[in-house]
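Q: Take a look at what TrEMBL says about it:
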- 103-112: compositional bias 'Pro residues' (COMPBIAS)
- 125-148: compositional bias 'Polar residues' (COMPBIAS)
- 370-447: domain 'Ig-like' (DOMAIN)
- 461-581: domain 'Ig-like' (DOMAIN)
- 830-926: domain 'Fibronectin type-III' (DOMAIN)
- 928-1023: domain 'Fibronectin type-III' (DOMAIN)
- 1027-1115: domain 'Ig-like' (DOMAIN)
- 1124-1219: domain 'Fibronectin type-III' (DOMAIN)
- 1237-1321: domain 'Ig-like' (DOMAIN)
- 95-155: region 'Disordered' (REGION)
């Protein structure tokens, strides 16, 4: 907050004092106000006193009195007198008749009214105060005076209600309110708050100062508030509120008083010292709660009444019931003469407890003693300018010869391109060119030992955001980096999260970085608490982006599987997770696996492998993989397989040993892209021939024939309670015994284990001649033959691989057949592009259709993503799968173009994304148009006008739609085809006499707004209006133009129907060849392309409707250059002087002659030099001529147009004789030209219109030249900046800038010289335009 300035003076020039009265007597209190007519109220214990027999109240001019008759003991209370915002408290002390010398005990203090309970009406202008509960709040009492509660509505200025003076306790809150009428304003007024003269509080908004504004739509009033929070003593001072509209300006001054809150409990002597309220003649101390000087004198720390030991000790003795008398001692005199080291001792000796207040008062008193002798005018307390602008700091010196030094932040300023020092008379000016932020500093001007201080505030230009923030979606723990680019390097950028400003002190969580015009906000390790909207703000714009932090999830794409391996084979455990950066450890029976030559651990991308070469029985164990940072445990078992050799009898029929023989075939499900491996145990002697065939409904389309080759392939199968169990991803899956197929993952391969007991006789699996037999052991689909089983493998299963596969065994001993069904499942196809509907201000509805192919598994749900049109970053909108086919997306930014896309999810995984939706923009319809009114009505047409909507939004405004409806009907008919962009329209072709209602809607991309409807039906019929000419102000006086100028006179008028316009000149019709006339419905124009002197005259315009006529007269005067003067001659020559004389010109150029220009030329050179300019007389004396030269003279005449083209020359020359020539000048009697001032032209009374500059003119003569003074109502106007005074050749002019009704009154012009004085008066009336 700025430093406090001097408080306004009290409204009282004489204040009532505390009085002692004997019981039964009469008490009289008197007060005098500074001005007459001020309403004065008297209070008793805070309650207004009404006139009665006991209380007599009188007011005469500025004198006011309160008389209390028959004073009793109950009248011994506190009283107050109130005038405006000034309040003075005093006491009436009642003495007993028999005990006059005794001091009565102090009465209980009357309860004061609570500040917060004061009622606030709708138009109550007093500030609102809320003090914190810090002890006794009586010192913070705010007077709810009648002047504050019933502030009059300002009929002239901009304000409806002006802010009033206020008072608050330290630590309390106070609000000042200003109200501006908005009914006649086209746009919101500009309101600024100042402290002192120049300190703009708009840049000081923060913790202790808040500025608010709102609009009351019902009363059409703008309300502006300034709230001071936790007030401090430094906030006290004078404030100013300025309101400006397009064509008006108004300001209002008010003040704030800040009182320090007294401590609770015992009497607070500091408050007494601060208020200077030790009064009562030593009998009674009333200063802590009711000062004799009260509200006004309590504002300054006044120790003059307290630093006298006698009065202070008497007050202390009264409280402590002491009666010992003390001598009078001036403590202030002792303090002023004592060294600073003795202050505390003296204060303790004389009972002063407020040491800080005493030191402040002592310092201020010392400053008051030292008057400035070097500075006639000091620097202002503060200056303010914009960055890049120029500012001047100026002081005025008492002695122009003094040497001046300028300091900036204590360092002397040297002359440079940025700083310029100027000296103009006694003024010293420091000019700072192209102010930068480095110039925002404290400045001093030093003369000897004296200094004057000021502070310069430099405001930055608005910084624009050229590249906005983008939304981000990250996982927990990831690094987040927001980036924006601004228009200027080194600009200040504030970062906010959900409306709260981010700082570096927040546990160093946020890091801010600058790189030229780019600014970064970095969050190294994001958490769920970082979710929200982040905003980057400059003084010229802002940008918002959303951050979504998702829980870190690790998906297992492929788990490790149980292995059964033979001796010296290789065992490979492999798993695949979703995050390639995740590390992990391998465990064997709970102990970490240490890599060696035989055991290797690898991590490539998302795949983790544990490889064991040359497997031995010791390697049989449980193996686990644990990802770091996740509660996962992927386990599998390694079983060592011992090879056993069994005796096989010869000539055994072939047998397919599937576990589900004789049961209905089951289905093997494989995910598309994975490897399918079917291990079928077989037996037979000799070794049978294996034939694989894919069976369709019509024919077998794939046949594999492979002779027995290879070795036994190991597998693991467990049987428990007639059910098969396979281990997959570390967990057991149960299959019923009725299922003919058992699947498990082994070495990342799908293994089929079957029972060979099934009888395949009669299955219809015989091959016909059309089948093609293959014997490939390589390729994507292959068959491998081992000693006791065969392997059917499909690498990268595809949708076409789905079907029934038949395996057939043949040898000389017989044949066996089995069928196996394979089903391939995949992720769904991507859905089609979603459709966007119901687009609102920040939301929309997204709809889509299911995918054409669900991948063989039911669709579990959908995932929706969104991105900005120009961005590449997609943001996920839902974390739980969407079950429905529609979704309402929210939290979008209006005016930003978005796109949507959709994923389908089944048990296999997530489909590819759909195509992006059509781009769309969240927008909302505008609000209804405002001020919808009827401007004009004719017999068949109506003219309507309105103002744009208050809220248009990002969708812009396409136009307006006008409709009308007959009274009593509900059918609305379009008045125009299509939309219009103007804010007014003429609706034609209406039926005369119809009563119509009109309505209007604003339309943009989002649709139409709510309609604005006329208040009542409009009758289509022209209204007769009397003709009236509105003659412009400049045409009411003579219009003076020069020859050759263009004249274009526009005269507005009114009248219905369209009036007839007639122009005449000097009573004769105007020649249309020389003067052009153009008429319209509302004005008439007179046009002269090139003015000539004969165009001068009196023009009259007449407007006529039937028998009604209005006339106006315009006087035009065309000026030309004057002719030369006549008969210029030399009258006399003497010494170095020549007397000339001439006559006025015959042709004055149709304008008064304002003067003459006299020139001289030496006969030798004939070069002309000017002797006199603007000379008014027709004779003159040319002096200071050169002896021995011969001169010619010529004279030009001059009028308002200018000088004459030719000059009149003297026929003869004037010769200046040399010295020594006998010349006896004639002896003339000296004439006394002295003359008292005399007004030669009166000062007429005037009536002017408010808001236009006005002038008062008169003429005076006198010798010597008189001094001129102007007065308004006997008040000197010399120091008032609103008035400008001119004096030229005896013509006196007073210019009043934009007068208001308050400027009306009696104006006096006074001329004074040595011979006397003269006065002339006139009355000025200022009218308010209707």
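Each residue, glycine too, has its Cβ placed from N, Cα and C.
Quick one: how deep are these features, and who are their neighbours?
A: Per-residue pLDDT, averaged across the domain 'Ig-like' (370-447), gives 87.
Residue counts for the domain 'Ig-like' (1027-1115) under DSSP, split into helix (H, G, I), strand (E, B) and coil, are 6 helix, 52 strand, 31 coil.
Here the domain 'Fibronectin type-III' (1124-1219) is broken down by DSSP into helix, strand and coil counts: 0 helix, 53 strand, 43 coil.
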Q: Within the domain 'Ig-like' (370-447), how many residues are helix, strand or coil going by DSSP?
A: 3 helix, 39 strand, 36 coil
Q: For the domain 'Ig-like' (461-581), how many residues does DSSP put in helix, in strand and in coil?
A: 3 helix, 63 strand, 55 coil
Q: Using DSSP, break the domain 'Fibronectin type-III' (928-1023) down into helix, strand and coil residues and give each count.
A: 0 helix, 45 strand, 51 coil
